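These notes concern the structure reproduced below.
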Amino acid sequence: MATRLMMLLGMIALCMSGVAGQYNYDEVLEKSILFYEAERSGDLPANNRIPYRGDSALGDQGNQGQDLTGGWYDAGDHVKFGFPMAFATTTLAWGILEFRDGYEAAGQYNLALDSIRWTLNYFLKAHVSDNEFYGQVGDANTDHAYWGRPEDMTMERPAWSISPSAPGSDLAAETAAALAAGYLVFRDSDAAFANNLLAHSRTLYDFALNNRGIYSQSISNAAGFYASSAYEDELAWGAAWLYRATEEQEYLDRAYEFGTTTNTAWAYDWNEKIVGYQLLLTTSAGQTDFLPRVENFLRNWFPGGSVQYTPLGLAWLAQWGPNRYAANAAFIALVSAKYNILASESEQFARSQIHYMLGDAGRSYVVGFGNNPPQQPHHRSSSCPDQPAECDWDEFNQPGPNYQILYGALVGGPDQNDQFEDLRSDYIRNEVANDYNAGFQGAVAGLRAIQLRDGK
């Protein structure tokens with residue numbers, strides 16, 4: 001018992017000191033942005049920086065032939081799932097807004113803008129009319145039966161949309177949030193683009209509000225992968241972002257109508273935005289009704305709270321993507337700290353979690369960065385040799401490292417005892433995804449901003 005108590009006290013001290021390792025945040029930001037470039041679908045730009053990637057899925061289209069090229073592939077597969085893609089874009093935009101100085105100090109600000117412009121443009125394409133939005137391209141089951149390059153795909157890629165007869169308030173409102181956040185990012189540098197984003201955000205939010213329903217009940221192909229549990233949190237989240245963008249009272253009223261001042265969030269992720277809108281309304285709208293819930297969320301994640309910790313210090317919430325959950329909580333903590341919400345504890349917690357992923361636990365969980373990083377992420381295109389060599393399930397089964405380095409990708413993470421095996425076949429621990437890197441990247445930018453503040 002005494003030994004166990006000493007281990008716990010030591011782990012808490014390490015987590016709350018958050019300074020076990022010193023890491024190059026500029027390099028991490030650079031490589032995380034490269035990960036998103038590796039996930040690009042469509043007609044790649046002339047300045048494409050991923051040598052093993054080329055144009056792909058150029059035939060993606062809607063049921064009336066609408067152009068649906070572009071966007072990001074979701075993870076190690078080649079499906080374009082709109083719901084997590086929109087969440088990742090919103091979260092990345094939020095990090096750019098809050099920690100611009102961190103991005104600028106790293107020399108990555110313009111590249112970060114280019115990164116989210118890619119998906120924002122895709123969302124504009126996917127919003128084919130006021131009351132129709134395409135939320136998925138590619139049959140997930142057919143896609144997952146294929147192992148190879150996206151450039152070599154030959155299967156049919158059907159597209160599914162939401163509409164008044166097949167509603168998806170959660171998908172539409174999350175995308176409205178992404179577009180409103182994008183408006184705030186671009187309004188000073190590209191007013192025409194920003195104004196177009198805001199116009200589509202308003203229309204999509206109205207569509208979400210007036211046509212209630214859960215998107216994964218309308219797009220059933222998504223249900224086995226990104227099933228949504230509710231739409232009220234996205235209606236509050238979208239309204240909160242539109243209020244930040246416009247300061248129009250209608251959106252604040254909607255945020256209160258659909259938001260909760262009494263419930264504390266379990267996590268911040270693609271499915272649950274509760275602490276997101278609670279924090280956004282507290283910090284950008286001065287709505288202190290939500291502050292106690294934000295503080296409760298943070299305390300749940302701090303050592304001694306309801307979230308369990310691994311022996312080496314990762315706040316471990318769930319088996320699938322524990323690094324993602326801890327990184328997202330770290331991002332929420334750093335935005336909170338910026339606005340003096342449990343600032344000292346929040347910074348220490350966030351630093352400890354991000355540093356765990358960068359190497360404090362004895363290994364890096366970021367591909368191509370640090371000590372002993374993952375070499376076999378569950379990711380098709382990076383597993384393939386240089387063209388024109390064939391790539392199929394033989395590459396999935398080969399025991400060596402992926403042929404290409406998927407720089408910057410955060411893998412799912414260890415079990416609750418810090419155990420991790422670097423296996424391509426382990427699509428739980430070695431998965432990568434758009435939403436895994438979003439909060440992580442924002443948190444790293446936040447830590448870089450803290451270095452600037454502290455004169456480091």
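Heads up, the Cβ atoms here are built off N, Cα and C, so glycines get one too.
Sequence annotations record features per position, and here TrEMBL assigns signal peptide to 1-21.
According to TrEMBL, the feature domain 'Glycoside hydrolase family 9' maps to 25-443.
Residues or ranges marked as region 'Disordered' in TrEMBL: 369-395. Sorting the region 'Disordered' (369-395) by DSSP state (H, G, I as helix; E, B as strand; all else coil) yields 7 helix, 1 strand, 19 coil.
Residues or ranges marked as active site in TrEMBL: D422 (among others).
With a cut-off of 8 Å between CB atoms and residues at least 6 apart in sequence, the same chain places A75, G76, W320, G321, P377, H378, V411, G412 near E431 (active site), listed in sequence order. Taken from TrEMBL, the feature active site applies to E431 (among others).
With a threshold of 8 Å between CB atoms, the same-chain residues lying at least 6 positions outside the region 'Disordered' (369-395) that come near it are 23, 27-28, 31, 38, 52-54, 75-78, 146-152, 358-359, 362-363, 401-409, 411, 422-427, 430-432. Sequence-distant contacts of D422 (active site), defined by Cβ-Cβ distance under 8 angstroms and a gap of at least six in the same chain, are P374, Q375, Q376, N430.
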